[in-house]
Amino acid sequence: MHHQLQSFGFSTSSSAAAGEDLDSSWKDFFRDTSQWWDNRSSKRAPRQPDFKHKLTKQPLWMDSPSNPSWVSNELVRHGLAIEQCIQMTSPSNAFLPGLWACSKNKDLSRGTSIHIELQRRGLAEKMYADALVTMYAKCGELPKAQALLHTHNSSSVIPWTALIASYARDGQGQNALHCFKQMRQEGIPPDVVTYSCVLKACALTGAIEKGKEFHKEISRQGLLEHNVVLGTALVDMYAKCGDLSQAHSVLQKLPSRNVVSWSALIAGYAQKGQGRQALDCFVQMQREGILPNAVTYVSVLKACAVIGALDKGKQIHDEILRQGLLAQNIILGNALVDMYAKCGALPQARSVLERLSSRDVVSWSALITGYVQEGQGQEALKCFEQMQSEGIALDATTYLCILKACAVIGAVNKGKQIHEEILRKGLLEHDIVLGNALVDMYAKCGALSQAQSALEKLRFRDVVSWSALITGYVKNEQGQHALDCFEGMQREGIRPNSVTYMSLLKACALIGAIDKGKKIHDEVSRQGLLEHDILLGGALVDMYAKCGALPQAQSVMEKLPFHDVVSWSALIAGYAQKGQGEQALNCFEEMQREGIPPDLVTFLCLLNLCNHQGLVEKAQELFNNMEATYGLKPDVDCFTCMVDLLGRAGHLDKAVEVLQKMPFPANSSTWLCLLGACRKWVDVNVGIWAFEQAVELDRCNASAYRVMVSIYEAAGMPEKAKDIEALRIQNRAWKQPGRSLWMASNNLAHEFCVGDSEHVQSKEIDLKLEDIAHKMSQEECLPISNWVAHDMSHATNPPLLCSHSQNFAVACALINTRLGEDILVRSEMQMCRDCHNITSFISKIERRRIVIIGADFRHCFEEGKCLCIGCF
């Protein structure tokens, strides 16, 4: 059995004492060969020995890898070497030893030569069929082995098992199972080795039901009682098929367990991401006194990587070093690099890699992946360059990692170089994962036209390809393009997944496309995706909230099986956007009752709400509770919001106190908020301090000079105001005109600044704005603030509208899109009251949904109303 298991590729262990016995037996053989039977002429299978002692029955195999090194020379000297046997004249015993030797050594060339010699001599192929099938199978010539087996209808289990084992070893699990079925049909009963091989085939194909059937057969025949190899094959099958409880149960019932059976279970747990259970098994294995080997350590390190158990990983590293296992084992070295990298310990990962006696593409890819996961794209690219300098051939996995690194740091030019290399090597022909990574890289770098082109050129596209592009459009705030992509995806018959739906809901939220959002909601509900996907539920709440449909947002929230901070924050933000402060605060209280801790986003929404509604005491309470109750350190946005709120409310002393307590330097926005409050309350002293700090950060900040001039003028200090204006000119602090942008469906960007007259369609845009102004005049809803550029007393011509850039962008969109089509404009300017009123009017008379988005505001107009209901 020992020799047979070895012949089919199963590992067995032998002690030093066994080696000494073998050495002694061969010496006895060469001293007196007459005391040994010569079985070579009658040998029909590799498990049958070449020689057997007549009294002790000690077997000897000429081709055994356990033979002492001196034996081969002695065999030649005695004329017993395999090559000499082939030259023997007796056809009945000439070639069998040679064929079995070729099987053992996987020597296809010599085995084929023997087959040709058989045919040349006209010898009956049938008597050698089993040996020939086995030889071809083990040498990887599976079609030829299969043909010979079917031609000669062998009744021996050995060639059938050899072919099944070879199919399994080659990863052809289905062929192995089909071969087993044919063997059964021929009436040939499987043996222990056959079952071990066919269980491996089940593991390869995930055929757990078939594996369970074999398990029952094996149990009925009592084959598990004394065979740890077969038991290990069962453990491995269940583990790889994902039934880890059954794998564990089989292992516990084995009469004896070894390092291989335990390693199979540990590997199964690690593969399924159950790192804690894998480590528990490792501890139990050690308690049984079983020493781990390199294979065990590889799986244990993977388990540490899965759960981030860095300290345990370091202990394993120490054990490996003590046992000297790293010297020649690159797989184990790579597992160490991977463990440290995935645990975020990149210096240690780098150190291990540099100390490896040899490095390969896997070693470097593990380290590069670690840098990418930690957001250190530049370091990943440096590793890539060093890897190339060492002459290591790159594979698809490496390119995958590097494309992710390019995406992390927006290195689109480097990404293009990698794209060209991939094309030169033809790696995209059949690798959809690599193609998807290319689309994702371009999309994340904002190169959306290249992302679209890369997707269109893919030989195959799947849900990941399309989702990467859709997500790219959403991240670049091009919601309509994202929805257009979705239609293209549907035309190809590709079903969206949760990731796709989440991006689509964000796209709907961007452009206020609530009708489309409702359709996606219906589809998500129909597929039952909300039952287990809390992120998708949060995206639905966010979509309805940002579209102003708060009853629907609340309804979705109430139906979700689980709530998290994202879904609650989305609902709070929705109420805050519509100025419904009481409902927003009620949501916050309900969130607390559910035991869900808020995050910085939640608090920022609430603080902004308090700022808009002047809820000073509530804001102070929330701000103080951030760290005291929830352990959250306010960021610069939270501090800025508090400075703005206190300043607006006239509590300049408290605003200054908050600013001085900031644990980090204030930014320009913070100082400008304080400066704006000083203008409102005409506080010259605090204003001077805020102005000095603002210009120290940026001496070209035109807003700071403008506000300080206003403070001096309001305080009756015109000379000081003139000094500040002179300083502004001296420092060349020119006010940059606020720009607004509308992106056409052909990806052409139309950009405008205040009073813009340079656009190629300026005349058409001016005519459109005059038409709108005329209609507003007829309905007596013209803007009345000091932003209006024309003297409204003139009745002969329609008054001009506010000359802010948003209006030009909206007008451009109106004359270049179909009736009823949504309009999305991005603006660097806050909306003034007049622009807000004008856009509301346009949405009504043009029957358009118009969305204006800025860095810290969002307005969605439809049928003459905005979601903000005037709270801006």
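Placed from the backbone N, Cα and C atoms, the Cβ positions cover glycine too.
From a predicted model like this one, the values you see are computed outputs, not experimental measurements.
TrEMBL has this to say about the protein:
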{"type": "REGION", "residues": "40-60", "note": "region 'Disordered'"}
{"type": "REPEAT", "residues": "156-190", "note": "repeat 'PPR'"}
{"type": "REPEAT", "residues": "191-225", "note": "repeat 'PPR'"}
{"type": "REPEAT", "residues": "258-292", "note": "repeat 'PPR'"}
{"type": "REPEAT", "residues": "293-327", "note": "repeat 'PPR'"}
{"type": "REPEAT", "residues": "360-394", "note": "repeat 'PPR'"}
{"type": "REPEAT", "residues": "462-496", "note": "repeat 'PPR'"}
{"type": "REPEAT", "residues": "497-531", "note": "repeat 'PPR'"}
{"type": "REPEAT", "residues": "564-598", "note": "repeat 'PPR'"}
{"type": "DOMAIN", "residues": "785-870", "note": "domain 'DYW'"}
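Summarised by DSSP class, the composition of the repeat 'PPR' (360-394) is 26 helix, 0 strand, 9 coil.
Counting only same-chain residues 6+ beyond the ends of the repeat 'PPR' (360-394), those with a CB under 8 A from a CB of the stretch are 330, 333-334, 337-338, 340-342, 344, 346, 349-350, 353, 401-402, 404-409, 411, 414, 421. DSSP labels the residues of the repeat 'PPR' (156-190) in these numbers: 26 helix, 0 strand, 9 coil. Across the repeat 'PPR' (462-496), the DSSP tally of helix, strand and coil residues reads 26 helix, 0 strand, 9 coil. Across the repeat 'PPR' (258-292), DSSP classifies residues as 26 helix, 0 strand, 9 coil.
Helix, strand and coil residue tallies for the repeat 'PPR' (564-598), in that order: 26 helix, 0 strand, 9 coil [DSSP].
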